[in-house]
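**Q** I am attaching a structure below and will ask some questions about it afterwards.
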Amino acid sequence: MSNWSIEEAERVYGVSQWGGGYFQIGENGNVHITPVPEDPSIRIDFNSVIEDIRKEGVQFPVVVRFHDILRSQVAGLNKAFRKSITEAEYQGEYQGVYPVKVNQMREVVEEIVDAGKPYNYGLEAGSKAELLTVLAMNTNEESLTILNGYKDDEVMRLALLGRKLGRKVVVVVEKFTELLLLVKVAKELDIDPIIGVRSKMTVKGRGKWESSGGERAKFGLTITEIINAARYLEEQGMAHCLKLLHFHIGSQLTDIRAVKEAVTEGARIYADLHKMGFALDYVDVGGGLGIDYDGSNSTNESSRNYSMQEYVADVVYGMKEMCDLEGVPHPHLVSESGRAITAHHSCVITEIVGEIKSNAADMDTSAKEGEHFFLKNIRELAETFDEQENMHEVYNDASQYKEQALDAFKLRVIPLEELAKIETLYWQIMGRLQTWYRKEEYVPEELQELDYSLSSQYLCNFSVFQSAADTWAIDQLLPVVPLTRMNEEPTVNCSLVDITCDSDGKIDQFTIGREITDVLPMHPLKRDEPYYVGLFLTGAYQDVMGDMHNLFGRLNEVHIYSYDDDPEDFYIEEVVKGSSVEDVLNVMQYNPRAMASDVKRLIDRHVWDGKLNPREGVRWTDFYEKCLSGYTYLKQ
Ligand SMILES: *Cc1c(COP(=O)(O)O)cnc(C)c1O
């Protein structure tokens, strides 16, 4: 064995780079989880988690949720704000909210609300359904409920219901006409609303979501509209209701400079409104706090060049500086970080169910009489490989023989078997060329493709469209790593493909060190031992945005809590069953029961006709029904 080490594995998979303090490679080569970073004595081995999942009889793929990580992130963000506020002697408080659109799962929202209680951490809703949810979930009267997104009459009434129930519901006006509607409904119901205005910022975030800011942004009021809104409220005797200034310049801000610029711009608007006589209580800096998905700590699209504490410090100090210069009080600070709260807490565990390799098949290529000279030529090239001097020429010759052979086959000059032998020899030569070029400094361009064309595809029992929508939709990078065997050298370069019949259902972008690559080294599959890989940082957006492409439904979930007194440091608190085939068929308007009886009738007819014996008929009927009520993924 080579001098492979855990350090080498760390270099390839970067677990502690993207792991946010929660994931490491253990000495035994398994991924370890430390869900409470302040308490490193709680250390969970992923292999034990897999064993428990199997013991529970839960089928893979599985979403694993670490509730302690959610709690740690909520506490971490609030503590970061408290730290900077104390250090800066900032006069306002932090009153954060969690935007539920990032992960609306009830268990996730409940955990966040519970962990946020000591900090009066609230919730944000962006639609009617989300508002109905947060009105029921956010019962802490001290915390904020922020309402963004486009609104109708019903939404306004629901917000005012919240006010009636004693909640701090802030209606953030996204366009001017919403203000007119809100004032009308508020007067009709005689309830004082808490009003926020969203500013269309001139500064744009950089990265994939940069169109959330700038003058063409979909949401928000221009400066002129903000002033008109304030004046309108004054006219209506409701100036005291205007309490919050909001902005959001995009998600996953990769460059800290965008944050600084936005805070400066927002603080300036707040300060001038104050001087015009509109004393707002809150400035809401929106979301955007990024996650280092590729572990590069850079302005790569899937990374960010700052830490949570740096982000928070820039918000606090930026606001303080401007307010002090302008001589206005420090407002309370609100942020709507979603991605940063939830991304780490969940991951998808799937089994590799096969290997696809274009050059895997071999056949006897020994010479036979009367064979075509193309085959003779390429065999000779293979046999004299070690004596060759110009390897680039070897590549060109081999490629040419193969192409000519294919033409000759189509023209009925060579038979199928000879073509197969030529193909076998061709791939043998390519494999040797790959080894030869590995130690060369200069590799000609067409040969750089060799690594990719000789790489394997590992077939994963999951659907990219259900479990990692953003890797398909916007080329989001998510860390993928084997969960065990990292103390062994991974010798198979591969990309991952899913089990949908869509060729877009694949993951072929990874980072190794700081480099983006199209293959990732994995371990060779063993016949009698399952090989599990984890797709990490799926807790934000990925968990809830997936679709049912190919009728693959939601995944089985296990919810994990740490427990120091347990020998494995954890227990499975809940198993949430994923979609059955029946479930997804119902969504698509089928009637699975009727389908089952249709199929039964067909089977019965074959029994009557004597084409099927009755016992066999019953077995097939039961089998069809069992599959209908089963999981949509492959059974291992
Ligand atoms: C999506 C969204 C958020 C959450 O952003 P993250 O980058 O996930 O923190 C916050 N506020 C608004 C208005 C949003 O649209």
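Cβ coordinates come from backbone N, Cα and C, glycine included.
Automatic prediction, not curation, is the source of TrEMBL annotations.
So TrEMBL lists the following for this protein:
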type	residues	note
DOMAIN	91-343	domain 'Orn/DAP/Arg decarboxylase 2 N-terminal'
MOD_RES	Lys101	N6-(pyridoxal phosphate)lysine
DOMAIN	369-451	domain 'Arginine decarboxylase helical bundle'
ACT_SITE	Cys501	active site, proton donor
DOMAIN	581-634	domain 'Arginine decarboxylase C-terminal helical'
**Q** Other than its own, how many Cβ atoms are within 10 Å of the Cβ belonging to Lys101 (N6-(pyridoxal phosphate)lysine)?
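**A** For Lys101 (N6-(pyridoxal phosphate)lysine), the count of other Cβ atoms within 10 Å is 20.
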**Q** Distance between Lys101 (N6-(pyridoxal phosphate)lysine) and Cys501 (active site, proton donor) at the Cα atoms, whole Å?
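**A** Counting only the Cα atoms, the answer is 29 Å.
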**Q** Per DSSP, what is the helix/strand/coil residue tally across the domain 'Arginine decarboxylase helical bundle' (369-451)?
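**A** Looking at the domain 'Arginine decarboxylase helical bundle' (369-451) with DSSP, the answer is 63 helix, 0 strand, 20 coil.
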**Q** Could you say whether, by DSSP, Cys501 (active site, proton donor) belongs to a helix, a strand or a coil region?
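**A** Where Cys501 (active site, proton donor) sits, the three-state DSSP reduction gives coil.
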**Q** Could you give me three numbers for the domain 'Arginine decarboxylase C-terminal helical' (581-634), the DSSP helix, strand and coil residue counts?
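**A** Helix, strand, coil within the domain 'Arginine decarboxylase C-terminal helical' (581-634): 39 helix, 1 strand, 14 coil.
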**Q** Cβ distance under 8 Å to Cys501 (active site, proton donor), same chain, sequence separation 6 or more: which residues?
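**A** Listed in sequence order, they are Asn550.
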**Q** Considering every residue in the domain 'Orn/DAP/Arg decarboxylase 2 N-terminal' (91-343), what is the mean pLDDT value?
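**A** In the predicted model, the domain 'Orn/DAP/Arg decarboxylase 2 N-terminal' (91-343) has a mean pLDDT of 95.
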